[in-house]
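As recorded in TrEMBL, the features of this protein are as follows:
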DOMAIN    11-224  domain 'Heparan-alpha-glucosaminide N-acetyltransferase catalytic'
TRANSMEM  21-40  transmembrane segment
TRANSMEM  52-73  transmembrane segment
TRANSMEM  85-106  transmembrane segment
TRANSMEM  126-147  transmembrane segment
TRANSMEM  154-176  transmembrane segment
TRANSMEM  196-217  transmembrane segment
TRANSMEM  229-249  transmembrane segment
TRANSMEM  269-290  transmembrane segment
TRANSMEM  302-321  transmembrane segment
TRANSMEM  327-348  transmembrane segment
Amino acid sequence: MKDINRYNSGRQNELDIAKGLAVLFMVLVHFLLQFSSYATQEESVYGQIVQFLGGIPAAPVFMFMLGVGIIYSRRNTPSILIKRGATLIILGYLLNILRSVIPESINLLNGYSNYISLYEVFYDHFFYVDILQFAGLALILFSFVLAKDFSNKSLTAIGLFFMLSNYVLLPYSRYFVTPTSAPIVNLFVGGSGASYFPFLTWIIYPILGYLFGSYLIQTNNKVHFYKKILIYSTGLLVIYILGIFYLNFPTGYESDAIYYHHTFPITLFYSLFVLWWVSVLFFVSTKFTVLSYQHLINASKYTTEIYFTHFVLMGILSIFLHSKLGTYATILASLLLYIMSYYLSMYYKNFQGKQKLEGVKE
């Protein structure tokens, strides 16, 4: 990837829009699943829409953009990626403490928990494998990819190998899991419910994003580029959707376990959707001014901060809120959570920028 023509460098609005929307969908679905009643989640129109939007257009899009970002970033040396990866893994476990271990421990002491000991709380909540741990592992993988300067063909082969490994190992993963091995096994294979984003299941999306980005950055005709992707992805998606209705093709929405620990052909379905979604957003974005979707561009820049902040706020809320919310209360509280997370993240980024600027002046 060192000798490529970067005709199309710089920020790509359609990618920022997709990522910004994914941030919004993420906050809405996380609040819905933790604080809303069953009726709100499963029987309301709002709940059904949010659960869909918080699925394919959210996590797979984040991971796809992680891969694209490596292509477009000016700070993508192997050493930098390793440091960023290690930092994200550490942040992931720190977040587990702030959003889960501490709030659930307080609830236990106050009589609002099903746990019987603080040790159980710590073990079950500290070792969650969520998207920060996954992203950290993915960046470490890409540091190796860049160091060895793998070709797209080689990276495609690596991605297919991981897909095959996931397909073979996942049905047997529960046999690998013991109280001692679970924290490690769950990082790589979906061995239990504490593993939300195991490496082998989800790594295909950053790899796809990296491959996509390597072609996008070289194109000098984005309309032609996206038109081809839109045509092919639409055709293949239609075939898969027909298979869902007539041949019982899986969607990943059958259960949380199937979504988080999916294999082929769901991987194909999600990959096609992400390519289709980004293509659609490109053509839609050309009909509006940048100012009309500037908020989404900003949200895409604050992704990690909003992710961290909204979970910490939800952890605090869980200490005080012990009853499930109806639809209207859920909508209001979810939007309030998003707004608070967005502005707290914006203030943090601005403060961080000022600190760096003052450091340069000194």
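Cβ atoms are placed via backbone N, Cα and C, with glycine included.
The transmembrane segment (52-73) makes no contact with the transmembrane segment (229-249), as judged by fewer than three Cβ pairs under 8 Å among residues 6 or more apart in sequence.
When the stretches 21-40, 85-106, 196-217 are ranked by Cβ pairs under 8 Å to the transmembrane segment (126-147), first place goes to 85-106.
The domain 'Heparan-alpha-glucosaminide N-acetyltransferase catalytic' (11-224) scores a mean pLDDT of 93 in the predicted structure. Within its own chain, the transmembrane segment (154-176) has Cβ neighbours under 8 Å at 145, 185, 189-192, 198-201, 203-204, 207-208, 210-211, 261, 263-264, 267, counting only residues six or more beyond its boundaries.
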